[in-house]
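Lifted from TrEMBL, the feature list:
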type	residues	note
ACT_SITE	B:SER154	active site, nucleophile
ACT_SITE	B:ASP327	active site
ACT_SITE	B:HIS360	active site
BINDING	B:ARG225, B:ASP361	substrate binding site
DOMAIN	B:36-367	domain 'AB hydrolase-1'
REGION	B:383-416	region 'Disordered'
Number of protein chains: 2
Amino acid sequence: MTAVESVGEFRFECGESIENLRLAYETYGEFDGDNAVLVCHALTGSQHVSNAPSSADHDGDDLGDAVETAGQARAWWNDVVGPGKAIDTTEYYVVCVNVPGSCYGSSGPPADGPDDEPWGTEFPPVTVGDWTRAQRRLLDRLGVGRLHAVVGGSVGGMNALDWAKRFPDDVRRVAAVATASRLDTQCLSLDAIARRAITTDPDWNGGDYYGDDRPSPADGLAQARRIGHVMYLSKASMGRKFGRRAAGRDAFGDGPDDPTGRFFPYREVESYLDYNADSFTTRFDANSYLYLTRAMDEYDLAAGYGSDAEALAAFEGELLALSFTGDWHFTVEQSRVLAAAARDGDVPTAHHVVDSDHGHDAFLVEPESVGPPLRDFLADGVGGRAVRDEDDDDGPPGGRGRGPDRAPVHASLFPG
Amino acid sequence: MTAVESVGEFRFECGESIENLRLAYETYGEFDGDNAVLVCHALTGSQHVSNAPSSADHDGDDLGDAVETAGQARAWWNDVVGPGKAIDTTEYYVVCVNVPGSCYGSSGPPADGPDDEPWGTEFPPVTVGDWTRAQRRLLDRLGVGRLHAVVGGSVGGMNALDWAKRFPDDVRRVAAVATASRLDTQCLSLDAIARRAITTDPDWNGGDYYGDDRPSPADGLAQARRIGHVMYLSKASMGRKFGRRAAGRDAFGDGPDDPTGRFFPYREVESYLDYNADSFTTRFDANSYLYLTRAMDEYDLAAGYGSDAEALAAFEGELLALSFTGDWHFTVEQSRVLAAAARDGDVPTAHHVVDSDHGHDAFLVEPESVGPPLRDFLADGVGGRAVRDEDDDDGPPGGRGRGPDRAPVHASLFPG
């Protein structure tokens, strides 16, 4: 169950402040002083990473009000996080925080502002750096200084990288899954088109659509989700799953609503996208979608430094970049560039490439591919048994020395 | 200049008929009885393929009314079609017909129907097969029996393939450029999303938006175009052209219209997409966009046959499939599959792959790559000098025998 903690005044990177930042979070497992793993959720994810019993499932202490967050996303990494799973909650104290700007209980556009009305677009613009700083603030409240690891996928992977850049002494291992140092131009374009779908929906109304008597911009948000959904899948997986088949009579949705459209099939893939988009509009806020995609688009690991390598140079921990061959949202090549930069910054690094045609979604739907390298990276760093660097084809899996100097890597750089 | 010809009652594949199908077209060069080349335009193209003087630029004979079509697309293949160019209008009689359902003078949703009001969505659904049949009808009027060649790119390439399937004795050479036997699931999805942008625009109004006092669904059509535009470009070309740069103050568009959006850059790529989308809405009709994308999505070369090979088996001519390595809308792999099917159908075939990172647009913007193989294919078929089959790496360019039997191919299969 989600807890919500108020962490006081918070100054965003844009320069604006709010009086009291509230952060919704979940924790799993017990903190032993050295076993905290921060998991960073993706764009539309939430703090609810696992169905494992949440250790924030308490009330009556001085931390966090237990709340039931309506409409929360399902446990998005339940196959990876839990007792006995790759991120083992019997071993690690797992923390996941809903990022500011989102809509699952943390402060953001749909949450109430100081006047007890929803913030709407008066909520300050957020950045990935704000997420990291907010997480740091919450971890302070939880008594967590150094993190054993930060793990995140997609824009959550940018969040994880931001930890290595912003708080280089505070984290021992960073796993950046299906992510990149920055978004490419094609994805920037599609995100901008998705936002435009929302802002041109008349029901968006400049971001002011809250209240029971107001329609929300469901058409625009649904369109944004459809575009996003295509970005998460690969040509191969879409083709295999749906082909060109027409949907049956009991398919979701009315199909095309123009007379001519009815002559042509309503295809299974369209029905699938519609179904998903429709359910998405019941669980996600349109303004939050604008805020979070802007944060993702704006993120640039090198910002404030000359290069990715310099941004990572102060990081004393180890980095695992995990990428997927069928992912065109965050490509293998982008992870390769990231890994090379990290090595240039003297960060012991492995770039583990998973052969998959699931597209970007692979990191969510292939726990069997993602789990083992994550598990062993958390346990033993880049020398972990199932961690395979792409440049290390000939050696034994999880072999030696992926730092630029190929020196053996110690399992623990942060004694006790 | 465009001419418009009325070809009488036309029964569409859907079963509906209209009393008088009007076809806008242009011709270039002089017909000598054996030199006609039909060029098929892409989705949003027009009959205006070249700035060369049009031989339909006449009036006073019994064919075609010369008309000035307002807002027509610019000459879309001027670097390829014209005097001395790859499709040489001093040698060939080039005909290009605006397809039914489009908006450049042929019958379609925005054209006046029997009651002198725009058809709107009362216009019958159109298919690529209808385009082919309409072109056949017009060519009959022009006195053209057999075509020397049909050349088309993108959905125009599907149109070209449809000629080989539907009128296999009427065409000597088919050049199918940046196309496929059918669209893949990913592109079907993006087209469906683009249509949804139009049909959820309140100004679309069920397709009834014509008349000076009515707003047209410009937001929706602009969104559809942005999505299409991303499909026409490659990751590499977008990255090289725009990167992540912010647009200057004089950039097109107001940029994002939400307060928070203004904190973030309006990027060059967004400005470019906006500029293009805005100009597109002044030249293209939203209903036509629905009609033509549906025709494209529905096209399946194998329809009515067991396979692509069987669909092409009656074709006695030669086929050139021209594909581009950076094209993810119509991929090299799809052309490979097409070429293999054509060979299975005993069609002498070359699959010429152009190494390009321009994406789908390559066929429009790389005349230096597209022109030579097209020129030599028109002149000498698959044995043409600059026609290079991808399986023929070791031989001289434009080498021998790409039929399944590797037999030499005669330059003219249709004497006289």
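Every residue gets a Cβ built from N, Cα and C, even glycine.
Counting only same-chain residues six or more apart in sequence, the Cβ atoms lying under 8 angstroms from the Cβ of B:ASP327 (active site) belong to B:ALA178, B:SER234, B:SER356, B:GLY359, B:HIS360, B:ALA362.
For B:HIS360 (active site), the number of other Cβ atoms no farther than 10 Å from its own Cβ, over all displayed protein chains, is 24.
Between the CA atoms of B:ASP361 (substrate binding site) and B:SER154 (active site, nucleophile) there is a gap of 9 Å, rounded to the nearest whole number. If you measure from the Cα atom of the residue listed as 'active site, nucleophile' to that of B:ARG225 (substrate binding site), you get 16 Å. Compared over the recorded positions B:SER154, B:ARG225, B:ASP361, the count of CB atoms lying within 10 A of a residue's CB peaks at B:SER154. DSSP gives B:SER154 (active site, nucleophile) a coil state; it is part of no helix or strand.
In the three-state DSSP scheme, B:ASP327 (active site) falls into the coil class. In the three-state DSSP scheme, B:ASP361 (substrate binding site) falls into the helix class. Across the residues of the domain 'AB hydrolase-1' (B:36-367), the predicted structure has a mean pLDDT of 93. In this structure, B:ARG225 (substrate binding site) is part of a helix by DSSP.
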